Amino acid sequence: MSENEDYDDVQLDASAVIAGSGGGGLTAPGLIVQGSSNGSLSGGSSPRERSYDDVRAPLDRDQSSPHGRRKSVQVHLERTAKRGRYVLTADDPEIRRILRHGVEKEAQERGLQKPPRVGFRDLVFTRQFSTFDRQNSLSYDSPFRGWFTLFWLCIALLLVRVAAKNWKIHGSVLGGNEIWNMMFERDVVVLGLTDGVMCLATAFGFLLQHAVVRGHLTWEGPGYIIEHLWQTLYLGAVLYWTMYRDWPWTHTVFIVLHCMVFLMKQHSYSFYNGYLSQVYRPQAVESGEPLDIDQLEAFSSVIRDEIADLSSELRGKSASEKNAYPNNLTLTNFADWTVLPTLVYELEYPRQERINWWYVAEKTAATFGIIWVMIVVSQAYIYPPVAETVRMKEAGMTLQERTREFPWIVSDILFPLLLEQILTWYLIWECILNVLAELTRFADRGFYGDWWNSVSFDQYARDWNRPVHNFLLRHVYHSSISSWHLSKSSATFVTFLLSALVHELVMFCLFKKIRGYLFAMQLMQVPLVSLSRTRLLKGRTILGNVIFWIGLFVGPSFITSLYLIV
């Protein structure tokens, strides 16, 4: 997460943005204004009504309208003792909020001040393919494609070597098969049922948003608190269940990481729709400060601009009113959102015209093939040193004696862990997410960038996992700036801190102990990011890339060995 990254600086490609992203409008007619003038807003003493047929009234829930849209609203202008100063009052608190915000915005524009940031910034979803996808013409025609072929050829020859060695030692190409037995010897059905219950439980946010839009509660009041309490309960229940079942690390990693995915999806769905509910039905903000004559003359344009802004936000990037808030709060939309390969909720996404089932079959086969390769590599090169550390502890070796073996454990798992890390990344971000994208016709498949060319760790954080990065960017980084009024540097630190806490939580679930090694290493990236922007490293791309790869090469094996030995 880079503190220089800002939605305000993003240059949009007009051909890539979803059609209709400019927003629509509301259709409630009429606004009645009562003032004190001779047919104008500038002065006088006799009250007079003035209609603005082209001005739209804000939405509110009204018994006389099946869609909750109000026929008319009233505002009043009262003269004060000071010449040229008026007090604007309105029976409707939402209109007071709209007028106050519009007048303040106009004053800021006259004073050349930057308007305050809104709670959420829209992300731009485009039609694109992932880098290693054969449908990506840039990748297919790349002069480095031969290296990609060589990599998989080396993997195939490695499998042949491991199979031959297993046959020689164990009389079977599968070897001891401990990893396979660990994965499937118990609780496979319970694991699947647990994942299903986790998925169904995410519907709580859907029901909560229905309660909000129906007026049973407000989002900024009890709704916001209830959602936070639910997410805490959701996470706590899943963690408790994994501990109670005493699952092996394979089961634990799958459930905990999937829990985090569901948690982020719930958060994005609830908080984005909760924000839209505040736009749809603004809360009361008391008005009563005197307004000068220039502000009163801007009354009509204020109403038009504010309603247009509200309408635009309610539609988001939806091309029609069909998916605009609150029409998006349907079970179909929620189910679609649950399986989409993104963690940032929007009202509409770019879609492909049809599903290519041959492509689905290809990526599905690649998924199971890579899982098999990972099992073989783990069994042959990672399981033996890990089992050795367990035997050392069971034999009663002291910490000092185990520490002497630390360098050898690191060297034994150095290459295998790097290979497993690359394969895991390719499995999830190139295979699984592309399968989901094809099945849902999700067209934006920029799940990662060219992270292998990273010259700093903040660039790596942005590029290797775009879905999570986009979630943190909207719901942590920008939200902390707009809601908590943090500076960019403070928001960056908060984002890194949250990420480090989540990673350490995963390590706790794996090793059943809190050591903080991964937490500390991740927080060390913050000063390293600052160092990469100094004169020492800035502009030195080769040196920066070397430092990045050394960290990625040594870091995982070093941290894993710490958790195993200490």
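Every residue, even glycine, has its Cβ placed from backbone N, Cα and C.
These features come from TrEMBL:
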type	residues	note
COMPBIAS	28-46	compositional bias 'Low complexity'
COMPBIAS	47-64	compositional bias 'Basic and acidic residues'
REGION	18-75	region 'Disordered'
TRANSMEM	144-164	transmembrane segment
TRANSMEM	188-212	transmembrane segment
TRANSMEM	224-241	transmembrane segment
TRANSMEM	253-272	transmembrane segment
TRANSMEM	365-386	transmembrane segment
TRANSMEM	406-428	transmembrane segment
TRANSMEM	491-511	transmembrane segment
TRANSMEM	542-565	transmembrane segment
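Sequence-distant contacts of the transmembrane segment (224-241), counting only residues of its own chain at least 6 positions beyond either end whose CB sits under 8 Å from a CB of the stretch, comprise 194, 198, 201, 204-205, 208, 217, 255-256, 259, 262-263, 266-267, 270-271, 274, 505, 509. Outside the transmembrane segment (542-565), and at least 6 residues removed from its termini, the chain residues within Cβ reach (under 8 Å) are 386, 389, 402-403, 405-406, 409-410, 413-414, 417-418, 421, 453-457, 460, 507, 510-511, 513, 515, 517-518, 521, 532. In this chain, the transmembrane segment (188-212) lies out of contact with the transmembrane segment (365-386); the count of Cβ pairs under 8 Å, excluding pairs fewer than 6 apart in sequence, is fewer than 3. Remote same-chain residues near the transmembrane segment (406-428) are listed as 132, 367, 370-371, 373-374, 377-378, 381-382, 384-386, 388-389, 448, 464, 552-554, 556-558, 560-561, 564-565 (criterion: CB distance under 8 Å, separation of at least six residues from the stretch ends).
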